[in-house]
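Take a look at the structure below.
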Amino acid sequence: MMSSYVMSPVDETYTLFQILKGSALFLLVLWTIFANSLVFIVLYKNPRLQTVPNLLVGNLAFSDLALGLIVLPLSSVYAIAGEWVFPDALCEVFVSADILCSTASIWNLSIVGLDRYWAITSPVAYMSKRNKRTAGIMILSVWISSALISLAPLLGWKQTAQTPNLIYEKNNTVRQCTFLDLPSYTVYSATGSFFIPTLLMFFVYFKIYQAFAKHRARQIYRQKLAVSSHVIRKHIESTILHEISHVLPTSDEFAKEEEEEEDSESSGQVENGLGNGNDAIIEEDECEDEDSDEKRDDHTSMTTVTATVTGPTEAPYMKREAKISKSVPIEKESAIQKREAKPMRSVMAISYEKVKRHKNRKERIYRKSLQRKPKAISAAKERRGVKVLGIILGCFTVCWAPFFTMYVLVQFCKDCSPNAHIEMFITWLGYSNSAMNPIIYTVFNRDYQIALKRLFTSEKKPSSTSRV
């Protein structure tokens with residue numbers, strides 16, 4: 001008679017949880033390996049991308065890839081099984097490799113930020129030294145400092161520890177592979193692996209943000225100066241002929257209608273964001289009578305002025321041309337002219353004041369239209385810069401701060417040990433930073449995006465036969 005085993009609801013829930021946990025860990029490990037390997041492939045196939053900043057990002061990808069290949073597979077099996085199922089000697093190697101790769105990854109983040117900080121704050125002095133040799137020194141310093149922290153227990157520090165890395169629980173039936181239970185080493189490793197590089201990272205990115213903000217402020221100021229002087233002056237000078245044409249109508253009512261029409265056109269142009277810094281183009285044709293001696297009247301002469309005014313617009317199709325052709329009789333010196341000179345000067349003065357007020361209004365509207373676009377571009381760039389810095393620091397802090405807080409707290413508070421599931425979640429939250437780094441440090445790099453697109457979309461070219 002065969003006995004059948006029926007799973008209880010508790011067993012089914014536990015099995016489902018294990019399956020989901022194993023699937024999530026498997027996908028995380030797979031993505032960490034794939035994404036960081038992709039960074040290497042792109043850098044290898046594109047020599048143009050092998051610059052100092054990209055080499056530092058490549059070293060970051062190498063440390064994350066090493067974590068994904070060596071540490072994460074063992075850690076995932078350990079998390080699913082709930083105990084250390086590998087040989088005892090492998091426990092020390094696992095812990096040392098974990099500290100080495102995690103520390104190198106964190107320090108690489110700081111070095112990438114430090115390189116950007118030097119390039120922005122000391123461009124002349126640093127750019128002369130920013131070469132592959134400098135990048136090699138920085139990369140070597142990262143791995144040396146990480147090795148001094150991770151290999152310290154193997155070099156004799158663990159001899160003073162009360163318990164080794166591998167401990168036995170539940171009547172010596174369950175083995176657990178843990179970090180070295182030694183307060184001095186805990187402080188040493190946490191300080192060197194997290195707190196110092198974190199402070200350095202926040203400092204350099206804060207300075208980068210300050211330098212970025214000052215640069216944008218100076219750029220806006222220079223744009224304002226350009227708008228206030230050269231561009232505005234050229235625009236006003238180029239439209240003098242067009243503005244003077246408003247003096248010619250003798251009817252005040254007609255001049256008022258023309259003025260209101262121009263105001264409405266200028267307002268509509270600014271509201272639609274069409275103002276731009278293009279210079280107005282003036283074409284002036286002064287036409288003289290060919291047969292002046294024959295056609296000139298004894299009492300009057302005719303002078304014709306034709307002006308073509310192209311207003312400053314942002315789109316070609318918005319070019320505004322106005323042909324103004326006025327014939328003004330100029331009386332010769334006579335008694336009638338002398339009597340009418342004073343009223344004419346009065347009319348001209350009134351018309352000139354109207355034109356002057358209208359020109360001042362147009363100048364203010366034009367100035368605002370030119371200033372609006374640089375401010376919008378500056379604000380967009382500043383928001384993007386702040387967004388990138390926020391993502392870098394935010395992801396790093398969210399991923400690693402809980403782990404190192406728990407790491408130090410548990411060492412000095414034995415009763416503060418979290419639940420096994422919470423401890424596993426916090427540990428893997430730190431590991432997940434290695435899966436995010438390839439996205440954060442490459443998605444905002446346009447050159448990398450282009451190279452990555454070419455890597456997946458480029459077709460194989462037919463091989464050309466070489467002549468022997």
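Every residue gets a Cβ built from N, Cα and C, even glycine.
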- [ ] Using the record from Swiss-Prot, pick out the residue from CYS91, CYS101 that is joined to CYS177 by a disulfide.
- [x] CYS91
TODO: Run through ASN108, ASN171 and tell me the one Swiss-Prot describes as N-linked glycosylation site.
DONE: ASN171
- [ ] Report, based on Swiss-Prot, whether TRP84 and LYS453 occupy the same side of the membrane.
- [x] no
TODO: May I have the DSSP-based helix, strand and coil counts for the residues of the topological domain 'Cytoplasmic' (44-54)?
DONE: 8 helix, 0 strand, 3 coil
TODO: Kindly state the mean pLDDT of the topological domain 'Cytoplasmic' (210-387) in the predicted structure.
DONE: 52
Open item on the list: Would you say the transmembrane segment (92-114) and the transmembrane segment (425-444) are in contact under the rule of three or more C-beta pairs closer than 8 Å, pairs 6 or more apart in sequence?
Closed with: yes
Open item on the list: Using a threshold of three or more Cβ pairs below 8 Å, and leaving out pairs closer than 6 in sequence, do the transmembrane segment (135-157) and the transmembrane segment (55-77) count as in contact?
Closed with: yes
Task: Annotated stretches the transmembrane segment (187-209) and the transmembrane segment (92-114) touching (3 or more Cβ pairs under 8 Å) - done: yes
- [ ] Find the member of 24-43, 92-114, 388-410 that has more C-beta pairs under 8 Å to the transmembrane segment (135-157) than any other listed stretch.
- [x] 92-114
- [ ] With DSSP as the reference, give the number of residues of the topological domain 'Extracellular' (78-91) in helix, strand and coil.
- [x] 8 helix, 0 strand, 6 coil
